[in-house]
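*Asks:* There's a structure below that I have some questions on.
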Amino acid sequence: SFVLIYGHLYAKAFRYLLVMRQRKQLQFRPIPDLTLFLYVFFYLMVFSIPLIVWTTAFPLDAVRKDNNPDNDKVNIVCDGDHAGLFWGVILGLGAISLVVGVIVAFLNRKYHDFFSEATYIGYAIFTACITCCVVVPMVFILYDTPHAFYIVIMLGIFFVNVSVVVFLFFPKLYIIILKPQNNVVPLDALGAVKTKRAKISSSQITATPPSHLPSLPSDNINDSDIIT
(Lines of atoms letter the chains of each structure in order from A and count residues from 1; the text may use other names and numbers.)
(Lines give C-alpha, C1' and ligand atoms only; values in the text may rest on other atoms or scores of the structure.)
Protein backbone atom coordinates (compact mmCIF):
# COMPACT_ATOMS: atom_id res chain seq x y z
CA SER A 1 0.00 0.00 0.00
CA PHE A 2 2.88 2.37 0.73
CA VAL A 3 4.34 1.87 -2.75
CA LEU A 4 1.01 2.22 -4.55
CA ILE A 5 0.05 5.38 -2.64
CA TYR A 6 3.37 7.19 -2.55
CA GLY A 7 4.69 5.96 -5.89
CA HIS A 8 2.46 8.29 -7.89
CA LEU A 9 3.08 11.11 -5.38
CA TYR A 10 6.81 10.82 -5.97
CA ALA A 11 6.20 10.73 -9.73
CA LYS A 12 4.13 13.93 -9.62
CA ALA A 13 6.65 15.65 -7.35
CA PHE A 14 9.49 14.72 -9.72
CA ARG A 15 7.43 16.02 -12.65
CA TYR A 16 6.96 19.40 -10.94
CA LEU A 17 10.67 19.55 -10.14
CA LEU A 18 11.76 18.70 -13.69
CA VAL A 19 9.30 21.14 -15.25
CA MET A 20 10.53 23.99 -13.06
CA ARG A 21 14.18 23.16 -13.72
CA GLN A 22 13.55 23.01 -17.47
CA ARG A 23 11.75 26.35 -17.31
CA LYS A 24 14.83 27.97 -15.81
CA GLN A 25 16.98 26.48 -18.58
CA LEU A 26 14.46 27.42 -21.30
CA GLN A 27 14.14 23.77 -22.29
CA PHE A 28 10.53 22.61 -22.30
CA ARG A 29 10.32 18.85 -22.71
CA PRO A 30 6.94 17.41 -21.74
CA ILE A 31 7.00 14.30 -19.57
CA PRO A 32 4.39 11.85 -20.92
CA ASP A 33 2.14 9.90 -18.59
CA LEU A 34 3.57 6.62 -19.91
CA THR A 35 7.00 7.62 -18.61
CA LEU A 36 5.57 8.33 -15.17
CA PHE A 37 3.76 5.00 -15.25
CA LEU A 38 7.03 3.22 -16.01
CA TYR A 39 8.72 5.04 -13.13
CA VAL A 40 5.98 3.94 -10.73
CA PHE A 41 6.14 0.38 -12.09
CA PHE A 42 9.92 0.27 -11.55
CA TYR A 43 9.43 1.67 -8.04
CA LEU A 44 6.88 -1.09 -7.38
CA MET A 45 9.24 -3.79 -8.65
CA VAL A 46 12.03 -2.61 -6.33
CA PHE A 47 9.84 -3.50 -3.35
CA SER A 48 8.02 -6.47 -4.91
CA ILE A 49 11.09 -8.53 -5.87
CA PRO A 50 12.40 -8.92 -2.27
CA LEU A 51 8.88 -9.76 -1.06
CA ILE A 52 8.41 -12.39 -3.79
CA VAL A 53 11.78 -13.99 -3.01
CA TRP A 54 11.02 -13.92 0.71
CA THR A 55 7.57 -15.48 0.27
CA THR A 56 8.61 -18.22 -2.15
CA ALA A 57 12.08 -19.20 -0.93
CA PHE A 58 11.81 -18.53 2.81
CA PRO A 59 8.11 -18.59 3.80
CA LEU A 60 7.11 -17.55 7.29
CA ASP A 61 5.74 -20.02 9.82
CA ALA A 62 3.71 -19.59 12.98
CA VAL A 63 6.15 -20.02 15.84
CA ARG A 64 5.25 -20.27 19.53
CA LYS A 65 7.48 -18.14 21.75
CA ASP A 66 7.42 -17.91 25.52
CA ASN A 67 8.98 -14.46 25.85
CA ASN A 68 7.84 -13.95 29.44
CA PRO A 69 7.61 -17.19 31.45
CA ASP A 70 6.22 -15.36 34.49
CA ASN A 71 2.80 -14.65 32.97
CA ASP A 72 2.20 -18.22 31.68
CA LYS A 73 1.40 -16.95 28.19
CA VAL A 74 2.75 -18.20 24.87
CA ASN A 75 2.86 -15.77 21.95
CA ILE A 76 2.37 -16.99 18.39
CA VAL A 77 4.44 -14.92 15.96
CA CYS A 78 5.46 -15.21 12.32
CA ASP A 79 9.10 -16.11 11.89
CA GLY A 80 11.33 -17.91 9.43
CA ASP A 81 14.79 -18.24 7.96
CA HIS A 82 16.53 -14.95 7.13
CA ALA A 83 13.46 -12.99 8.29
CA GLY A 84 15.64 -10.31 9.87
CA LEU A 85 17.60 -9.88 6.63
CA PHE A 86 14.48 -9.34 4.54
CA TRP A 87 13.01 -6.99 7.13
CA GLY A 88 16.20 -4.96 6.94
CA VAL A 89 16.05 -4.83 3.13
CA ILE A 90 12.41 -3.68 3.12
CA LEU A 91 12.99 -1.06 5.82
CA GLY A 92 16.17 0.14 4.11
CA LEU A 93 14.40 0.61 0.79
CA GLY A 94 11.58 2.44 2.54
CA ALA A 95 14.02 4.72 4.36
CA ILE A 96 15.86 5.59 1.13
CA SER A 97 12.52 6.25 -0.57
CA LEU A 98 11.40 8.58 2.21
CA VAL A 99 14.69 10.49 2.22
CA VAL A 100 14.51 11.04 -1.55
CA GLY A 101 10.86 12.08 -1.26
CA VAL A 102 11.65 14.59 1.49
CA ILE A 103 14.46 16.10 -0.59
CA VAL A 104 12.21 16.49 -3.63
CA ALA A 105 9.40 17.94 -1.52
CA PHE A 106 11.86 20.41 0.03
CA LEU A 107 12.99 21.54 -3.43
CA ASN A 108 9.35 22.04 -4.48
CA ARG A 109 8.43 24.18 -1.47
CA LYS A 110 8.71 27.67 -3.08
CA TYR A 111 6.82 27.26 -6.34
CA HIS A 112 4.05 29.72 -7.04
CA ASP A 113 0.39 29.14 -6.22
CA PHE A 114 -0.47 27.50 -9.57
CA PHE A 115 1.56 24.49 -8.41
CA SER A 116 0.11 24.37 -4.90
CA GLU A 117 -0.49 20.62 -5.28
CA ALA A 118 3.28 20.14 -5.10
CA THR A 119 3.18 21.78 -1.67
CA TYR A 120 0.42 19.46 -0.45
CA ILE A 121 2.33 16.45 -1.79
CA GLY A 122 5.29 17.67 0.25
CA TYR A 123 3.09 17.87 3.36
CA ALA A 124 1.96 14.27 2.82
CA ILE A 125 5.55 13.06 2.37
CA PHE A 126 6.74 14.95 5.46
CA THR A 127 3.90 13.43 7.50
CA ALA A 128 4.75 9.91 6.31
CA CYS A 129 8.42 10.42 7.18
CA ILE A 130 7.66 11.68 10.70
CA THR A 131 5.16 8.86 11.28
CA CYS A 132 7.68 6.21 10.23
CA CYS A 133 10.34 7.74 12.48
CA VAL A 134 7.94 7.33 15.42
CA VAL A 135 6.27 4.00 14.56
CA VAL A 136 9.28 1.91 13.44
CA PRO A 137 11.23 2.20 16.75
CA MET A 138 8.04 1.47 18.70
CA VAL A 139 7.45 -1.66 16.60
CA PHE A 140 10.86 -3.05 17.53
CA ILE A 141 10.37 -2.16 21.19
CA LEU A 142 6.91 -3.77 21.35
CA TYR A 143 7.79 -6.83 19.26
CA ASP A 144 7.30 -9.18 22.24
CA THR A 145 3.87 -7.65 23.01
CA PRO A 146 1.59 -8.79 20.16
CA HIS A 147 -1.44 -6.63 21.01
CA ALA A 148 0.52 -3.39 21.35
CA PHE A 149 2.61 -4.34 18.31
CA TYR A 150 -0.51 -4.76 16.17
CA ILE A 151 -2.17 -1.56 17.45
CA VAL A 152 0.90 0.58 16.74
CA ILE A 153 1.26 -0.77 13.19
CA MET A 154 -2.44 -0.25 12.40
CA LEU A 155 -2.42 3.29 13.81
CA GLY A 156 0.68 4.15 11.79
CA ILE A 157 -0.81 2.82 8.53
CA PHE A 158 -4.12 4.58 9.24
CA PHE A 159 -2.47 7.92 10.00
CA VAL A 160 -0.24 7.85 6.91
CA ASN A 161 -3.14 6.97 4.57
CA VAL A 162 -5.49 9.54 6.12
CA SER A 163 -2.84 12.26 5.83
CA VAL A 164 -2.59 11.62 2.07
CA VAL A 165 -6.37 11.90 1.67
CA VAL A 166 -6.55 15.06 3.79
CA PHE A 167 -3.69 16.94 2.13
CA LEU A 168 -4.56 16.00 -1.47
CA PHE A 169 -8.36 16.09 -1.54
CA PHE A 170 -9.66 18.33 1.26
CA PRO A 171 -8.22 21.59 -0.18
CA LYS A 172 -9.77 20.81 -3.58
CA LEU A 173 -13.14 19.90 -2.06
CA TYR A 174 -13.04 23.05 0.08
CA ILE A 175 -12.57 25.25 -3.00
CA ILE A 176 -15.09 23.39 -5.17
CA ILE A 177 -17.87 23.19 -2.56
CA LEU A 178 -17.45 26.25 -0.33
CA LYS A 179 -15.58 28.75 -2.53
CA PRO A 180 -16.31 28.01 -6.19
CA GLN A 181 -15.61 31.65 -7.08
CA ASN A 182 -11.93 31.01 -6.37
CA ASN A 183 -11.82 28.14 -8.86
CA VAL A 184 -11.03 30.45 -11.78
CA VAL A 185 -7.83 31.58 -13.44
CA PRO A 186 -6.95 35.08 -12.15
CA LEU A 187 -6.24 37.55 -14.94
CA ASP A 188 -5.03 41.12 -14.80
CA ALA A 189 -6.31 44.05 -16.87
CA LEU A 190 -4.21 42.99 -19.87
CA GLY A 191 -5.45 39.40 -19.80
CA ALA A 192 -2.22 37.94 -18.43
CA VAL A 193 -2.22 35.29 -15.74
CA LYS A 194 -1.90 36.81 -12.28
CA THR A 195 -0.45 34.94 -9.28
CA LYS A 196 0.18 35.82 -5.66
CA ARG A 197 3.91 35.93 -6.23
CA ALA A 198 3.40 38.30 -9.17
CA LYS A 199 1.42 40.62 -6.91
CA ILE A 200 4.15 40.60 -4.29
CA SER A 201 6.91 41.27 -6.80
CA SER A 202 4.99 44.10 -8.48
CA SER A 203 4.26 45.75 -5.14
CA GLN A 204 7.92 45.52 -4.22
CA ILE A 205 8.90 47.14 -7.52
CA THR A 206 6.47 50.04 -7.11
CA ALA A 207 7.53 50.53 -3.51
CA THR A 208 11.23 50.74 -4.39
CA PRO A 209 12.39 54.38 -4.32
CA PRO A 210 14.10 55.54 -7.53
CA SER A 211 16.89 57.27 -5.56
CA HIS A 212 19.49 54.81 -6.83
CA LEU A 213 18.82 55.74 -10.46
CA PRO A 214 21.16 58.30 -12.09
CA SER A 215 19.61 61.73 -12.59
CA LEU A 216 19.41 63.27 -16.03
CA PRO A 217 21.16 66.59 -16.69
CA SER A 218 18.89 69.57 -16.21
CA ASP A 219 20.54 71.80 -18.88
CA ASN A 220 18.51 72.51 -21.95
CA ILE A 221 19.70 71.09 -25.24
CA ASN A 222 20.11 73.63 -28.02
CA ASP A 223 19.19 72.98 -31.59
CA SER A 224 22.83 73.45 -32.60
CA ASP A 225 23.85 70.50 -30.39
CA ILE A 226 21.69 68.07 -32.37
CA ILE A 227 23.66 66.10 -34.97
CA THR A 228 21.66 65.36 -38.07
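Using N, Cα and C of the backbone, Cβ positions are placed for all residues, glycine too.
Unlike curated records, TrEMBL annotations are generated automatically.
Pulled the feature table from TrEMBL, pasting it below:
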type     : residues : note
COMPBIAS : 217-228  : compositional bias 'Polar residues'
DOMAIN   : 1-184    : domain 'G-protein coupled receptors family 3 profile'
REGION   : 203-228  : region 'Disordered'
TRANSMEM : 36-57    : transmembrane segment
TRANSMEM : 85-108   : transmembrane segment
TRANSMEM : 120-143  : transmembrane segment
TRANSMEM : 149-170  : transmembrane segment
*Asks:* Would you kindly check 36-57, 85-108, 149-170 and say which stretch has the most C-beta pairs under 8 angstroms to the transmembrane segment (120-143)?
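*Replies:* Per the Cβ under 8 Å count, 149-170.
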*Asks:* Can you tell me the mean pLDDT for the domain 'G-protein coupled receptors family 3 profile' (1-184)?
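*Replies:* The predicted confidence over the domain 'G-protein coupled receptors family 3 profile' (1-184), as a mean pLDDT, is 83.
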